[in-house]
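The annotation domain 'Major facilitator superfamily (MFS) profile' is assigned in TrEMBL to 1-423. According to TrEMBL, the feature transmembrane segment maps to 20-43, 49-70, 82-102, 147-168, 174-195, 250-276, 288-311, 331-353, 399-419.
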Amino acid sequence: MPALLLDTAPLRSSPEYRRLWTGLTLAGVGSQLGVTAVALQVYDLTGSSFAVGLVGLVSFVPLVVLGLYGGALVDAHDRRRVVVLSSVGLLVASVLIAAQAWLDVGSVALLLGLVALQSAAFAVNSPARTAIIPMLVPAEQLPAANALGTLSMNLGVTVGPLVGGLLVGTVGFGPAYTIDVVTLLVALATVLSLPPLPPAGGARKAGLASVLEGLRLLKGWRNVRTTFLLDICAMVLSQPRALFPAVGAVLIGGGATTAGVLASSVAVGSVLASLVSGPLGRVHRHGVAIAVSVAAWGAAIVAFGLVLLLAAPSHAAEGTVTTTAVPWTSWHLWGACAALAAAGAADAVSSVFRQTVLQSAAPDWARGRLQGVFIVVVAGGPRLGDLVAGADADALGEALAAVVGGVACVLAVVVLMAWQRGFLRYDARDPVP
């Protein structure tokens, strides 16, 4: 039984990693709480799933531009300093988002602009934080550290949306955003406690040439590139979170609270998978594991959409419309939650192996730039997926948008693996980028 459980060796062996993990876990709760509150506020101001999807678009553009350059900064400068400065940027953006809520400005354009500012800071912060991890733990503990990282992220995605939905539904947007600010302050304190972490090989210039060099490396490193493409299959084609406000408002009922419950369900599945991730350290065929996990994500999103399709005629027959009462006894709610939890479990497994491939196959001198590309895909992909899902929902309805997206994800995995068959032979005992 103990062999099934999460391997916590990195937390025990590295005090620096333990402090970093603790701060990031708290910040993750606040961040996801803020993400949920933003989606709910935009929907509250506009009543449009497409407008909620636009939040993803305005986040995606800074991620692409600064994610790539941020990775070059990570390879060029002390990584602790990069994390500290970008964390300050995140803090400033979060304070301004909280201020617009407390002042009841009611401007969608202002809110989207502040989200873009926040995304720009995140684009630099995330690759720096991830590139630090191999400097704090030994190579044999990387799968365990990445499983812990996945657990940290998904604790945030579990608790944050649920608390965010409850707070927005009871006391409003201002208190929800304020909690995000407080958790960022705690995370900044933990980063300040780390020692200097200069990149291997010393400082170098972070410019366009450095960014282009990283992209050229990616062109030749097929296995690393394929991990990115597989994540795009899941996050762009079948990201369901932009659908949650409308599902809570119209299809299932319960409003903001239901939207928070649905968002948390994805993370609950991820957390449960992380807690029994012990055997993942004994898996060597990482390519196969990633491909199967991404396809499983798509299948679970199809199941989510089918539940919504069954919920829609039921509510239509009952003549129900928007309601704030959460239908806790409805099988539609629990069926949707179960499907999303299965998707979250699949994503957790995929995340552990994708991150391990990147950290073990790529050399330290290029890790920051590749982590920059990674964050563009991992964080930017879902934001672009929000736009795709929002547009599909406006054209097809939320239920059919989920079904079509999930099917597209599974088909894309099949096509990609037929094209990149060598990826299925990737073996962690002989990591080849």
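Backbone N, Cα and C define each Cβ position, glycine as well.
TrEMBL annotations: computationally assigned, not manually curated.
Note that the structure is predicted; figures quoted are calculated from it, not measured.
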Ranking 20-43, 174-195, 331-353, 399-419 by the number of C-beta pairs under 8 Å to the transmembrane segment (288-311), which range is first?
399-419
Considering only Cβ pairs within less than 8 angstroms, which of the stretches 20-43, 49-70, 250-276, 331-353, 399-419 has the most against the transmembrane segment (82-102)?
20-43
To the transmembrane segment (20-43), which of 49-70, 147-168, 174-195, 331-353, 399-419 is linked by the most Cβ pairs under 8 Å?
147-168
Chain residues outside the transmembrane segment (49-70) and at least six past its termini with a C-beta under 8 angstroms from it:
38-39, 42-43, 82, 86, 108, 112-113, 115-120, 122-128, 206, 211, 214-215, 242-243, 245-246, 369, 372-373, 375-376, 379-380, 382-391, 393-394, 398
Same chain only, please: residues at least 6 beyond the ends of the transmembrane segment (147-168) with a C-beta under 8 Å from a C-beta of the stretch. Say none if there are none.
6-8, 10-11, 21, 24-25, 27-37, 40-41, 130, 133, 175-176, 179, 256-261, 263-264, 266-268, 270-271, 274-275, 277, 280-281, 344, 348, 351-352, 355
Below 8 angstroms Cβ to Cβ, which residues of this chain, lying six or more residues outside the transmembrane segment (250-276), approach it?
4-6, 32, 36, 39-40, 147-148, 150-151, 153-166, 168-169, 241, 244, 308, 311-312, 315, 320-327, 330, 332-333, 336-338, 340-349, 351, 398-399
